[in-house]
There are 2 protein chains.
Amino acid sequence: MEWIEVPEEGLTLRQVRAITARNQSESEAIRQRVEHILQAVQERGDEALKEFTAIFDGPFLDSFLVTEEEIDAAVAAVGSDFMAVLEEAAANIRTYHERQVETTWMDTFRPGVRLGAKFTPIQRVGVYVPGGTAAYPSTVLMDIIPAHVAGVPSIAVFTPPKKDGSVNPYILAAARVAGATEIYKAGGAQGVAAAAFGTESIPPVFKIVGPGNAYVAMAKRLVFGTVGIDMIAGPSEVGVLADDTANPVWVAADLLAQAEHDARAAVFLVTPSRALAEKVEAEVRRQLDELPRRDIAAPSVEQYGKIFVTKDMNQAVEVMNLIAPEHLELDTADAEALAGDIVNAGAIFIGPYTPEPIGDYFAGPNHTLPTMGTAAFSSPLGVYDFVKRSSLLQYDKEAFEAVAEKVMAFANVEGLQAHGLAVKRRMDHE
Amino acid sequence: MEWIEVPEEGLTLRQVRAITARNQSESEAIRQRVEHILQAVQERGDEALKEFTAIFDGPFLDSFLVTEEEIDAAVAAVGSDFMAVLEEAAANIRTYHERQVETTWMDTFRPGVRLGAKFTPIQRVGVYVPGGTAAYPSTVLMDIIPAHVAGVPSIAVFTPPKKDGSVNPYILAAARVAGATEIYKAGGAQGVAAAAFGTESIPPVFKIVGPGNAYVAMAKRLVFGTVGIDMIAGPSEVGVLADDTANPVWVAADLLAQAEHDARAAVFLVTPSRALAEKVEAEVRRQLDELPRRDIAAPSVEQYGKIFVTKDMNQAVEVMNLIAPEHLELDTADAEALAGDIVNAGAIFIGPYTPEPIGDYFAGPNHTLPTMGTAAFSSPLGVYDFVKRSSLLQYDKEAFEAVAEKVMAFANVEGLQAHGLAVKRRMDHE
């Protein structure tokens, strides 16, 4: 891990961005291939989708829709023990997300003036679920349940089939538990295209969420506008803010839990305690050797592991707020009070018994979080991502007449005479 | 206007999208020029910003920051009558947006398990304000006030200077009324670059909102990721849902108020009444001739004006929901009840005395709204665009131990052993 001695005057946003930056150059070659796939699916629908699925995933499918029988078989394969874990996690996620539901309102602001906001679920959404080694049932729960709680009437999952035409049973089981209404064997850029544009057999969606590889991320970026998308997630990261009271064995284990996700995952320790920092670094080295996913975690720690040593805890908080980490663990004597000083973080894990994996799987808050410093301006995935607002406005005749002159004055200043006329013709009772 | 006779079985989303589509191809030439400008400002800061401002806007500036004296002079130039109108509009906008404020919470979900959400304003935002003929003080209010209500501590306006180095006084006056903390004479792609990356004299922001021309829109798209952005707004549009009780003179005036914005603005009348449709069309023709901005409104109405005649009001609502208009006027006998059936619209104007210009200027709800059918998945600009959430999680020792086995089971299924170890080492009291 790289050591950064934070100077007396602190670090600037620009300096912190440079220290925490990761490679994420988008390839022009990927863009061109994805554009080709999107266009083909938009023009030739199911036929193109079948071709690309055969080329990239293996099977030549008659139908993309996963049957109820396939889902039943997946549930049996997963087994009742893990189904119970899935159900309990889903219940926790649902309970937390129900706190995010907002309801339509309309009130009288002045006599004759009624204003409000109407909340409507997006009418159909697509949830992308990666296949292969990155098939995480927890992400299936986290991406579908907020849509379900929002009341989205139609939630379609898109996921690549395996060579034999089947889908990972954990994905199918989690999708059923979470409340998906359909599951399609369609992945990659072609799956995103089918979701955005629709085909003969797949109705289009209005928004696409969920993680994916570079092709999926590029496809989402290119269909943005036609449909809504969630964030384009970068590699994962954790920041640990700790003092002398922290257990260095646990801090090291938490850093490595993040590092094993991705060779480009980043792990940050920010602490005023040089003694703790030294112990944690030694522990990371020791524990790395015991890890099955050492080959992923080691390059992450080497390239993107940073230890910031600060003059005091105030400065440590300042640095952490500039990092704006996806996951933030507070492992200090006064962790709960310290949470109040955090302005930028996707999720804040308070105290030594709230390691990040608790939030990944079980606690309830969403694990789809803003990465790469974007927590400075964006939020975890939530019910609010699956609901949109319409403003409500209603003036009666008297209230309208009371403001007519002022509206016309505004229209006049902005040179929009037809705006003024829309008011004036009503005043003239034309 | 083009007439669409809606068939017995209605229209599909794909058909409606084809009917309501507008040209908006992004030019590759614009992309390249904007990329050049962004890179130059990122690398050379103020020097590059000065050069581009001289080239595109005229003046060679010593300093970008508008002084308090310049703002005082602008307020004097605007005059106390219009200042009073601005203040009253701002008060209405503020009152409505205060309803969108959410507060941090943390609750005990189970013994030893505390969860919550922390709401923090984005720490610094940039508001882009176009110059020239599109200088609208109403947009200045609508884009700044939600940020101010959200508690954003630092709100910087970016706007192009005129040739003489001054800024439109209505923009300066509105920015002061709305609560801007700084105003910079920096527009176009170079203004967006200064906001996103910062320069020696301008600290960077975390999010950029506000409308602009094709260069500004492209620049926002390209800096997205480094900073957050609001939507990329397309040309404006209105849909009017009307029956025989509607006044055709007023409906026509409202369509033209939208059409005068932009030759690519779109106006939609959806009605089961052929008689009303015919009267409205004749009125549009008559009123067009009286309009000062006829040259803008006429091509809008001719190319993008559509009249849908439906078999009944239910079908009219279905069609309107597929259009998902930015502005929706309900001009029917039962307008208030009908609002309940609308699932896709940016803002809903209920009844004959709520013409769209009331919402543009005065009522309080935001006039920055999703265009081009994106109301199917997005919302008006609001306080929520200037606040982000951090999830809060806190487990105590007993609560942690109660779920440890299940978290390890999940980690095991997903093949993430370091996640399991972060839990196990705590159980082993290592």
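Just so you know, glycine gets a Cβ as well, placed from its N, Cα and C.
If you look up TrEMBL, you'll see B:Tyr128, B:Gln190, B:Asn213 marked as NAD(+) binding site.
Of all Cβ atoms in the protein chains displayed, 20 besides its own lie within 10 Å of the Cβ of B:Glu414 (substrate binding site). Following the DSSP three-state reduction, the secondary structure of B:Glu414 (substrate binding site) is coil. The feature substrate binding site is assigned by TrEMBL to B:Ser236, B:Gln258, B:His261, B:His327, B:Asp360, B:Glu414, B:His419.
Secondary structure from DSSP puts B:Gln258 (substrate binding site) in a helix. Residues within less than 8 Å, Cβ to Cβ, of B:Gln258 (substrate binding site) and separated from it by at least 6 positions along the same chain comprise B:Ser236, B:Glu237, B:Val238, B:Ala265, B:Ala266, B:Val267, B:Ser300, B:His327, B:Glu356. Here TrEMBL flags B:Gln258, B:His261, B:Asp360, B:His419 as Zn(2+) binding site.
What TrEMBL lists as active site, proton acceptor is B:Glu326 (among others). Long-range C-beta contacts of B:Glu326 (active site, proton acceptor), restricted to its own chain and to partners at least six residues apart, with a cutoff below 8 Å, comprise B:Ser236, B:Glu237, B:Val238, B:Ala345, B:Gly346, B:Ala347, B:Leu369, B:Pro370, B:Thr371, B:Met372, B:Ala375.
The active site, proton acceptor feature in TrEMBL is assigned to B:His327 (among others). There are 28 other Cβ atoms within 10 Å of the Cβ belonging to B:His327 (substrate binding site).
Comparing local CB density within 10 A for the binding-site residues B:His261, B:His419, the maximum falls on B:His419. Contact annotation for chain A: of the listed binding-site residues (B:Asn213, B:Glu414, B:His419), B:Glu414, B:His419 place their CB atoms under 8 A from a CB atom of that chain.
Its Cβ taken as reference, B:Gln190 (NAD(+) binding site) is surrounded by 28 other Cβ atoms within 10 Å in the chains shown. The binding-site residues shown are B:His261, B:Asp360, B:Glu414, B:His419; of these, the one with its CA atom nearest the CA of B:Gln190 (NAD(+) binding site) is B:His261. Here B:Asp360 (substrate binding site) comes close to B:Ser138, B:His367: these same-chain residues lie at least six apart in sequence, with C-beta atoms under 8 angstroms from its C-beta. Fewest other C-beta atoms within 10 angstroms, among the binding-site residues B:Asn213, B:Ser236, are seen around B:Asn213. Taken residue by residue with DSSP, B:Tyr128 (NAD(+) binding site) is part of a strand. Taking the C-alpha positions, the distance from B:Glu414 (substrate binding site) to B:Tyr128 (NAD(+) binding site) comes to 45 Å. For B:Tyr128 (NAD(+) binding site), other Cβ atoms within 10 Å of its Cβ number 27.
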